[in-house]
Amino acid sequence: MKGSLYIYNTLSREKELFKPIHADKVSLYCCGPTVYNYAHIGNLRTYLFEDILRRTLELLDYEVMHVVNITDVGHLSGDGDEGEDKVLQSARAKGMGVHEIAEFFTQAFLQDCALLNIKPAHHYPRATAYIASMITFIEILEQKGFTYQAGGNLYFDSSKDPEYGALRGYREVVDAHARVVQADAKRSSGDFVLWFTQSKFPDQAMVWPSPWGVGYPGWHLECSVLSHEYLGVHFDIHCGGVDHIATHHTNEMAQNFGHCGSVGANYWVHGEFLLMGNAQKMSKSSGEFYTLNRLEELGIDPLAYRYFLLQTHYRKQLTFSLEALKGAQQALHRLRARIRELAHVEPTHSDATQTWLSRAWEALLDDLGTPELLSILWQVMKSETLNNGEKLKIALELEKILALDLFSVAETVSPQVDEDLLKFIEQKIKERAIAREKRDFVSADRVRDELLAMDIILVDEPSGTTWHVKE
């Protein structure tokens, strides 16, 4: 693939031409899981968009160094030290030790990523292995005058950073997703704990000696330390979910500035929420979430979930429903079936394949346009002008990004439309009717095209809209 990648940088709030620090190498840091429970599928949406980013960079012939941290310290909900150590709480519930529970859920997370064809990072550093480095990092901040002690804890003084909160401009209001609780000892609401020695519960499971007393690190510290350890103080890209913007990444940047005068990464890239039907983000704290294992129990192929996510741009909120997910699974089944029909031919490169691939790569390089990529693949599969060898060539190339196991031979396609899918189709027809009444023909056409990708043909008649499965 040739071309230049444009990516949305939360820090500048603009889509920017990506320019790596080194000509042929890219350093990529992604905030990883807190391993006290299974990752829910909303968490996994973030790791999937990061996978698309990495695959795109590698297709551009960059050598990517990819680091994902594992938070195995039982961090709390915020500086106010409310709640309970999550790792300890989970360990008690399962009758396991804190290190044992952390390793158990680390492996579960890695297995989920494998099922979604998310490429493994080159490094998964555990936070607890770098406590000494965190203490050294804090000592440098202390020497430079960026800290103060209050209420028995050591705080970062955000007033010393003239650019504090620059990233937060993306969301003017720090909402509940920021997970910050105001602590009485703070001088300012922007200040945050670097090292806890005072906890509101007596049985904190993980503590270490430090110059400030026995305690544990603040929950923003590890990403600064681990990114510096593996990628240096100045690196290319830092990724995470939008819930990291207002607090975690804002404070991480402040720590970096205090430590070495740099915010860390040149590009800060964030994926949007997966929402439940009530328009609330999927979260463990609310109890409103699905795991990948639960989807499998419901008969959903994990890669159908990948397909479902790829249909929506990573910077757009996406509402989850089982009906929509089953629709994505049907579409994936049909796509695989079409590609299996090409198994007997050799891939053929031609001017036509190059034209289609150029369109696909143009969409991908425009801030990771995966919905357009899927749409192009469907157009190719249904084309009456491309021969089978040309179709196969294009599918092989797009699979390098989509990673949907499109060439899997063990696929069974059910000709039936199940009840959940039926409800989904009827709901989409209603949405389209409302859009047409409002003369929002762009949205109406989008619904039609979405159903067409599933081989559902809409027919508008005087009495209303009917549909049938394409023969």
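Numbers run from 1 along the shown chain.
Every residue, even glycine, has its Cβ placed from backbone N, Cα and C.
Automatic, uncurated: that is what TrEMBL annotation is.
As annotated in TrEMBL, motif ''KMSKS' region' covers the listed stretch 281-285 rather than the other ranges in 161-165, 246-250, 281-285.
Site annotation (TrEMBL): Zn(2+) is bound by CYS223, HIS248, GLU252, and the candidate from CYS31, CYS113 recorded at this site is CYS31.
Given the ranges 33-43, 187-197, 308-318, 407-417, the record in TrEMBL names 33-43 as motif ''HIGH' region'. Close to the recorded Zn(2+) site, the chain also has HIS220, GLU222, SER224, HIS238, GLY240, HIS244, HIS249, ASN251: residues not among CYS31, CYS223, HIS248, GLU252 whose Cβ is within 8 Å of the site's Cβ mean position. Across the motif ''HIGH' region' (33-43), DSSP classifies residues as 3 helix, 2 strand, 6 coil.
Classification of HIS248 (Zn(2+) binding site) by DSSP places it within a helix.
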